[in-house]
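Visitor: Before we start, here is the structure in question, set down as structure tokens.
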Amino acid sequence: MADLAKDHLITTVSEDREATCWGCGLRLLLPSSAPIFKCGWCGAITNQNPRDCERKCSWWRPWRDRCFVCILIVYMLFVICGGVWALYPVVFSVNSFSGIFHSIITMILCVTTLSSFSLAAFQCAGKPPNIQWGIYPVVRKGDLEDYTFCRYCSKPKSPRTHHCRTCRMCIWDMDHHCPFIGNCVGAANHRYFLLFLISAVISTIYVSIMSAYAGWHIWPPLTYRFSRLSGFNRDMAFRVAMEVFVALLRSAVLLSARGLVLVYLFVTSISVQVGLGLLLWQQLCYIYEGKTYLSHLSSRGNDVGPKDCQNIFRFFGCPYPISRYMPNFLRSRKRHNW
Ligand SMILES: [Zn+2]
Ligand SMILES: [Zn+2]
Ligand SMILES: [Zn+2]
């Protein structure tokens, strides 16, 4: 009985617990046994029982992503060459001015799309800046406000920095890990990613219009088998639509190789345009709201800044007059409204 009473006393009396802040190294007295606490001096959050949810990432995964990106670039070059081969006889047949004009447009779109894609894919997504931590006099009050500790990189992690398991590093202002560029989208390459989306959507719109125009010119004549039609009703409209569709399929058998490439270009460009257009719209909405995809997933409603078009200008490094900041566009990093 005496032992039981003693145990009871031990479990009910709450005693101050001593713990060390990883941010400034100060020893703190905690009133409760909560595993997570925030330092009153530097503001760093310490989690003494982190969840062990990290799986071992295979060393070949980044290489696999890089290979996929290279295959994608080769595929894009292949499609560009095929498009030029299929479209240009029609474009130059109109007149030489039309040929030169479309050559310049094609060149600009190809260079912009491929260069922005390569920069987004091969540039480091955003290494967090080195900051002082762990020593009390050096770390000043509030220096590490809401920072947590990344135990994979053994470094402090700001609230908008996330650890990517595939890239095996912390990414500053991480938006998401994109498998199509085999890289994270973060502070350093988010603009290139956006530039690629804008350029790719414009390019696919251009390709779909041009392939439809060229296809119209080289498509074999349609042969209809209309029976005598009189009056107009819904049934008749459906029959006419079916007849046109069947005539298109019938004449498609007579298409040349150029015609088949044009059909492929048209269908592919429309599909890619819809997919990338939706992604671009989603990205612009997040930037307008001053957040990233990951902060959107973890947002609790009150930690998001005001929705403002200035967020989009700020993102592209042009807070006020665009011309004044143009030279700094490629050198500076993106800025969200915190
Ligand atoms: Zn501290
Ligand atoms: Zn990390
Ligand atoms: Zn990543």
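Just so you know, glycine gets a Cβ as well, placed from its N, Cα and C.
The following feature annotations were taken from TrEMBL:
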TRANSMEM  68-88  transmembrane segment
TRANSMEM  100-122  transmembrane segment
DOMAIN    147-296  domain 'Palmitoyltransferase DHHC'
TRANSMEM  192-216  transmembrane segment
TRANSMEM  262-281  transmembrane segment
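What's the neighbourhood like for these features in this structure?
Guide: Outside the transmembrane segment (68-88) by six or more residues, the chain places 99, 102-103, 106, 110, 113-114, 117-118, 121-122, 179-183, 207, 210-211, 214, 258-259, 261-262, 264-265, 268 with a CB less than 8 A from a CB of the stretch.
For the transmembrane segment (100-122), same-chain residues at least 6 beyond its ends with a Cβ under 8 Å from one of its own Cβ atoms are 69, 72-73, 76-77, 80, 83-84, 87-88, 91, 178, 181-183, 185, 189, 192-193, 195-196, 199-200, 202-203, 206, 210.
Confidence annotation: the domain 'Palmitoyltransferase DHHC' (147-296) carries a mean pLDDT of 86 in the model.
Distant neighbours of the transmembrane segment (192-216): 83, 86-87, 90-91, 102, 105, 109-110, 112-113, 116-117, 119-120, 123, 175, 178, 181, 185, 259, 262-263, 265-266, 269-270, 272-273, 276-277, 279-280, 283-284, 287, 315-316; these residues of the same chain sit at least 6 beyond its ends, with a Cβ under 8 Å from one of its Cβ atoms.
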